[in-house]
Amino acid sequence: MSAGGGRFARLRHTLLGRRYWQRYRFTSNNEVKLLRSGDEFFDALIERIDAAAQSVALETYIFCDDESGLAVNEALLRAAARGVRVRVITDGIGTARLKMFEQWPDAGIEHRIYNPHLFGRFGFSRTHRKLAVIDGEIAYCGGINIVDDYENNGEKLPYRRWDFAVELRGPVVADVRDAIDVQWRRIRVGHRPLESMKPDLTPHDTASLGSLRRRRRRRNEELWARGEPCVAFVARDNLINRRAIEKAYLAAIGQARHEILLANPYFMPGRKLRRALVYAARRGVVVKLIIGRKEFKALDYAVPFLYNALLRAGVKIAEYEKTLLHGKVAVVDSNWGTVGSSNLDALSLMLNNEANVVLVHDPAIAGLREAILGAFADARPIDEAHYESRPARVRALSWIAYLSYRLAMKLLTVGGYD
C-alpha cells in the first residue's frame, strides 16, 4: 500500500470505525414506534431527555428558537445540569447562530457545527439528518427538524407540517449512536494531525471487509426469508455510503409486486429511480406518488417536467397542498417501509449527509401506509389529459427550470447525477 493510500486508510478507519464502514445491517428484536408530526415527536423526545441518566446526543439540520426549539433547549439544559453528557450537532447553514447557544458552554452542553460556511471543508455538503440517541438505549430518526409544526420561514401554516419520525429501541440503536459518533469525530478531524489518530488499519482489516459485507448480506436475506420484523439504519455520506439510501429504494421498488407508495417534498431523482418506478408500473404494480408543493418556486416549475413518462406508464401522481408536506416516507407491498431525512433529489441522494430507517415486516409499517394513503386522498391528483394540454409557455418554463436544476446539481454533487 502506498504512503498516501495508508494515510487515507488510517483516516477512513478512524473516522468510520470498523462496524460503520461495513454499510448497513438489518437486526431483529427491535421496537419501533411511528411518530406523526412534531407534536408527537417533541413530546417523546423531551420526555426521554428528561429521563436521561448518562448521555444525550442530537443531530439536526435546523434548530430554531421558536416555542418547540426552546422547549427542547430547556430539556437539554436540565439534562446537563443533572450531569448528563449532552452533545448537539447542528448544520452551519440550516441553523442560525442563536443566542441560546451562547449559554451552552457554561451549562456543559457540547456543540459542534457541521460545515459552518456555505462552501466549507466538506464542500457544499450539509448534514440534513435528524437523529437523537438517549443513554444508548433509545434513538430517534426521521424528517422532523427542531422547529414548530406550524411555522415555515416566518409564515403560519394552516395545518401542522406533514412529517414523521420513529422511536427505536433494540440493537438498531447502536448503529444510530455510531453514526452520530462518527459525525462528531469528522467535524473535529480537520483540527488534529493525522499521525495522532489511532488505531491504525491493518492489511487484515482491508482484506476482510468484503467477506464481512457478504456475511451481513446473507444475514439480511435470512431475516427477510423468515418474515421476521427487522430494522436497518441507513446513513448516506460522501465517503463510502454515497448511494446507500438510493440503493435501498431501488431494491425495494425492483422487488415490488403489488403496491408502491411514495411521499416526498422534493421529487427530482436521477434516471435510475425514475426508470424503476416506470418499470414497476408497467409490470402491473400500483404506484402512487405524493409530491410537496409551494415551498421552493423553482422546483414547482421543474418537477412537473418529470411527470410525462411516469403518467404514461400508469403512475398515479398527486400534489399535496393542504399544508407543507415534509415527510420523506415510503411503503412497498405493505411489508417494507422507510422513514427518514432523505428527499428524492440530487442534494439528498448525491451530496448531503442523510439518514433513514428501513423497516421490513414491522408492525409500524401499517400505520405509515395508512398515513400515506390518507394524504394521497387529500392531495390534488394530476390528470394526464390536463397535463398534456398545458400551455406552451408553461411547458417551456418547466423545461428550462429542469435543465437549470440538472446543471446546478452536476456542478455541486459528488459522484455524478444520473
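We count from 1, first residue shown onward.
Any Cβ shown, glycine's included, is placed from N, Cα and C.
Whatever TrEMBL says is automated annotation, not expert-curated.
On a predicted model such as this, the values are computed, not experimentally measured, just so you know.
Taken from TrEMBL, the feature active site applies to HIS128 (among others). Summarising the environment of HIS128 (active site), the number of other Cβ atoms within 10 Å of its Cβ, over all protein chains shown, is 27.
Among the features that TrEMBL reports, active site is placed at LYS130 (among others). Around the Cβ of LYS130 (active site), a 10 Å sphere holds 24 further Cβ atoms from the protein chains shown.
Its own atom aside, the Cβ of ASP135 (active site) has 17 Cβ atoms within 10 angstroms in the protein chains shown. Positions annotated as active site by TrEMBL: ASP135 (among others).
Long-range Cβ neighbours of HIS326 (active site) (same chain, at least 6 residues apart, Cβ-Cβ under 8 Å): GLY143, ILE144, ARG161, TRP162, ASP163, PRO265, GLY292. The annotation active site is assigned in TrEMBL to HIS326 (among others).
The active site feature in TrEMBL is assigned to LYS328 (among others). Within the same chain, residues at least six positions away from LYS328 (active site) with a Cβ under 8 Å of its Cβ are GLY143, ALA263, ASN264, PRO265, THR338, VAL339, GLY340, SER341, SER342, ASN343, LEU344, SER348, ASN356.
Sequence-distant neighbours of ASP333 (active site): residues of the same chain at least 6 apart with a C-beta under 8 Å from its C-beta are ALA256, ARG257, HIS258, GLU259, ILE260. Reduced to three states, the DSSP call for ASP333 (active site) is coil. If you look up TrEMBL, you'll see ASP333 (among others) marked as active site.
The feature domain 'PLD phosphodiesterase' is assigned by TrEMBL to 123-150 (among others). Counting residues per DSSP class in helix, strand and coil order gives 0 helix, 12 strand, 16 coil for the domain 'PLD phosphodiesterase' (123-150).
Per-residue confidence over the domain 'PLD phosphodiesterase' (321-348) averages out at a pLDDT of 95. The domain 'PLD phosphodiesterase' annotation in TrEMBL covers 321-348 (among others).
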Distance, HIS128 (active site) to ASP135 (active site) (CA atoms, angstrom): 23
